[in-house]
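A.B. asks: Please read through the structure below; I'll follow up with questions.
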């Protein structure tokens with residue numbers, strides 16, 4: 001579950017083909033690629049294919065896998081915990097991705113001016129992302145949102161009593177959403193890079209025409225950076241589907257409180273390593289891959305309607 | 001081609017490296033025997049364990065022990081993968097709930113083959129058969145505890161409620177919880193239905209068992225519904241700590257934080273509570289209503305097992321024997337592993353304060369104990385987790401009693417096999 005390349009696609013594309021191809025480039029290229037190729041063949045491909053095979057078996061880690069065909073896949077649909085984990089994860093994706101992207105874009109826009117101290121603020125907003133995936137932060141988060149904690153007392157002082165977010169099934173997912181939003185550094189930096197590439201003369205022309213700030217943002221900024229928005233959207237959706245560490249630390253293998261943090265990956269882990277049902281867990285992993293793949297394809301379909309590449313217009 | 005020659009050189013370097021790495025492996029059968037020993041616990045136990053291992057090594061210079069440890073949950077995740085990969089440690093700490101699971105899967109060594117190296121004659125009464133599965137010995141207890149009642153006598157007195165006495169009933173218990181909550185403002189009890197062992201205790205008092213001899217549930221839907229309903233009633237009356245509070249104080253215990261007046265739990269945990277709690281805590285008889293039989297039993301808190309693949313069963317058996325019998329080891333651990341499992345170690349342990357109280361409690365109540373049940377069936381560990389989870393959803397009112405019972409029996413069918 002590693003993060004994909006977080007550079008925007010046009011940056012990646014521009015680096016290629018700056019000079020003509022030389023003889024021997026192919027071999028050199030493959031040599032440079034070889035650590036990665038070796039890694040994927042030895043460390044990733046083998047286990048992946050094995051898990052595909054295991055997903056059609058009943059395998060308890062101790063004995064030999066027993067072929068059961070599609071049983072694992074069929075059983076999922078009548079498994080109430082599986083359905084629940086799907087709901088929890090979908091809720092998280094639907095909440096976390098838009099809020100995080102909106103926040104990242106807002107911060108990027110604020111930082112995209114030439115006033116002093118910009119470097120400091122950029123680092124400050126990026127900071128949480130550096131420590132973000134860690135267990136310790138998730139623990140701190142749980143404490144901050146527990147009963148009688150800072151957040152709880154603040155809310156109670158304005159008359160809202162949740163009894164602590166960490167113990168309230170209606171608030172546990174929003175709490176994890178906030179943790180994700182707090183780590184908006186990566187998309188923010190990419191948004192910033194996108195904003196820097198918007199030609200300034202467009203804004204000047206719009207200003208001369210008397211366009212308001214909001215109008216300039218709607219009609220110039222958003223369309224111009226739409227490829228970057230799309231790139232961030234795809235990455236964040238894929239990442240959000242795979243959230244594990246923070247959820248596991250806050251809710252444990254049972255998704256406390258009351259199954260409200262039983263994310264797909266948490267349930268997968270519990271089935272595999274808690275209940276020793278590796279066949280079922282493997283089938284779940286492949287269903288997740290399939291689901292995330294479908295969502296990504298869907299996003300690419302919609303992208304034709306709203307993402308404008310600068311090459312298109314010319 | 002230049003590139004091909006270059007590739008050849010790279011490959012040669014890689015081969016040399018691989019050979020060098022391979023050379024770092026085992027250096028043959030000569031020299032002392034090395035045993036890998038894995039257990040679950042924390043840094044405190046690690047320190048004690050190292051002392052015990054040093055003692056063993058000084059008395060057995062031809063055996064070297066390499067320890068490794070994790071927290072309980074991570075331990076079982078690692079143990080499962082290691083066992084599956086044929087790389088299990090020689091000696092491993094075993095839990096009662098996992099004993100049959102590992103034994104049935106052929107992962108454990110039958111210790112009855114090592115009678116000459118393994119001394120078991122001094123085990124406490126009730127623990128002799130605790131490591132046996134279907135006539136073979138797969139584990140040896142290194143500590144024991146029992147399900148008891150820990151309470152704060154000051155709150156009982158303040159509420160004018162009589163302290164727990166031998167033969168008090170479950171009705172007395174519920175009344176006490178209600179009165180304490182009403183009169184002191186402190187919740188009378190903890191998470192009553194989140195404890196599988198509260199149900200087990202009641203079943204044993206009724207002459208039943210949690211699991212039957214052939215590994216099926218020892219209770220039916222109606223019995224579970226009754227238990228769940230009692231828990232819901234206690235929660236609705238406010239007599240027990242609200243579930244959302246209990247979830248958020250984890251991994252602390254309510255008794256440690258002085259949040260409740262008393263709770264049922266493992267008796268050796270009293271020492272842990274006492275270390276943090278402001279109140280003075282005492283151990284009392286469990287509710288049940290029968291003066292002669294309490295339904296309790298001496299449970300092996302943890303055991304030691306040998307991997308079936310161990311290459312040194314004699315040395316491993318000697319290590320187990322040492323850990324169970326050596327008085328010095330008993331002294332080192334005190335009650336860290338539960339109360340010591342043998343008379344010699346219990347005598348040597350020099351228990352003080354709350355631990356002495358736990359020992360005294362077990363001695364006083366022993367006559368009312370029942371026999372230790374057979375090792376729980378395969379999947380019991382998962383099923384206990386399911387029980388805790390379902391009880392929690394019930395307390396959060398996500399599901400009703402009937403649905404909770406349905407869910408548990410569905411999972412039990414799946415786990416225990418129907």
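Using the three backbone atoms N, Cα and C, a Cβ is placed for every residue, glycine included.
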A.B. asks: Pick from A:175-195, A:196-216: which stretch is listed in TrEMBL under transmembrane segment?
C.D. replies: A:175-195
A.B. asks: Looking at A:68-89, A:90-111, which one does TrEMBL call transmembrane segment?
C.D. replies: A:90-111
A.B. asks: Taking A:175-195, A:222-244, A:278-300 as candidates, which has the most Cβ pairs under 8 Å with the transmembrane segment (A:27-56)?
C.D. replies: A:278-300
A.B. asks: Please work out which recorded stretch in A:90-111, A:175-195, A:222-244 has the most C-beta pairs separated by under 8 angstroms from the transmembrane segment (A:278-300)?
C.D. replies: A:222-244
